[in-house]
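Marked as domain 'Plant heme peroxidase family profile' by TrEMBL: 41-347. Residues or ranges marked as disulfide bond in TrEMBL: 51-130, 84-89, 136-343, 216-248. Taken from TrEMBL, the feature site 'Transition state stabilizer' applies to 78. Look at TrEMBL and you will find 82 tagged as active site, proton acceptor. Residues or ranges marked as Ca(2+) 1 binding site by TrEMBL: 83, 86, 88, 90, 92, 104. TrEMBL lists 178 with the feature substrate binding site. Residues annotated as heme b binding site in TrEMBL: 209. Annotation comment: TrEMBL describes 210, 261, 269 as Ca(2+) 2 binding site.
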């Protein structure tokens, strides 16, 4: 959303619902709680009896890891997105390739993801406490929530009970992850809507780009050859363009990293929208949100909040709601799938 080449994000409509609360961390210790539906088959507190300390174990490990390597927050958040967009939230992004069958990890959009070792570390702790109980898919959902909280973003209750899938195919990741060089309308119609995500989910979830960095190669076309014109994207801020060119002098650079939310890329806040409103986003998929009246109004509203230094209550509540929605996409539950003992291998 970064340490990746492509960007993606989430939801699904299910017939039966449980309730989940979202708690926003306001200044001065105030809290606001709103009620959201949960996807069918998942529920908050799924491991209450089978592994009662599961979420505490995940949170404690993530607190240690993010304190040591804060740059992992963005990639770990996007790992959950990349998992859910390819055949649902089933942990398939974590599977290693097998002979003659490259997995999602080998697909171009996922080559620069980081943090697989973090997931393995969390899984190992859970296996010590509760062998064979907590799925890798649920770990991804819990880790995504925790890295947002640890970077000063909102807290929400994560419905759990996902099971792990047994297949992971390289081409399916390429076919299902929204590219950064598509415009927002293309991505909405081709990738979001088929998964039950709407225009609001898109503009809200792209707000996750407030965390992390991107490689130059993911947006260099906007600097040097926008839509085959051999010219820069005219929507890029004229002062921001030379700064990006100075960092990405080689259009094919796959090693240099650039902040997606300059000056605030390790803090979850609304400043991403401030940059977007001023033509300072990195990706075509983000900047073209401004062409849609609804998305533009949302961006400008959050930008005003960021400019005022106010607490982004609307964005925080919306992001939490869309994360719960995305986390329910095509989940495996009950007797479906399995609970992997190691996240990189089927049992």
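Every residue, even glycine, has its Cβ placed from backbone N, Cα and C.
Within 8 Å of the centroid of the Cβ atoms of 210, 261, 269, where the record puts Ca(2+) 2, the same chain has further Cβ atoms from 207, 209, 211, 264, 265, 267, 268, 270, 271, 272. With the fewest other C-beta atoms within 10 Å around its C-beta, 82 stands out among the recorded positions 82, 209. In this structure, the C-alpha atom of residue 216 (disulfide bond) lies 25 angstrom from that of residue 84 (disulfide bond).
In this view, the densest Cβ surroundings among the disulfide-bonded residues 51, 89, 130, 216, 248 belong to 89, judged by other Cβ atoms lying within 10 Å. One way to see the shell of the Ca(2+) 1 site is to take the Cβ centroid of 83, 86, 88, 90, 92, 104; the remaining same-chain residues with a Cβ within 8 Å of it are 82, 84, 85, 87, 89, 91, 93, 165, 168. Summary: among the binding-site residues (88, 178), the fewest other C-beta atoms within 10 A of the C-beta are counted at 88. In this structure the C-alpha atoms belonging to residue 86 (Ca(2+) 1 binding site) and residue 178 (substrate binding site) are separated by 11 Å.
For the domain 'Plant heme peroxidase family profile' (41-347), the model gives a mean pLDDT of 95. For residue 90 (Ca(2+) 1 binding site) paired with residue 84 (disulfide bond), the C-alpha to C-alpha distance reads 7 Å. Using a 10 Å Cβ-Cβ cutoff, residue 86 (Ca(2+) 1 binding site) registers 27 neighbours.
Take the Cα of residue 343 (disulfide bond) and measure to each of the recorded positions 89, 178, 261, 269: the nearest one is 89.
Using a 10 angstroms CA-CA radius around residue 78 (site 'Transition state stabilizer'), the recorded positions that qualify from 104, 136, 209, 248 are 209. Taking CA atoms as the reference points, residue 269 (Ca(2+) 2 binding site) and residue 209 (heme b binding site) are 10 Å apart. Between the binding-site residues 92, 210, the minimum number of other C-beta atoms within 10 Å of a residue's C-beta occurs at 92. Residue 83 (Ca(2+) 1 binding site) has 89 nearby among the disulfide-bonded residues 89, 130, 136, counting only those with a Cα within 10 angstroms of its own Cα.
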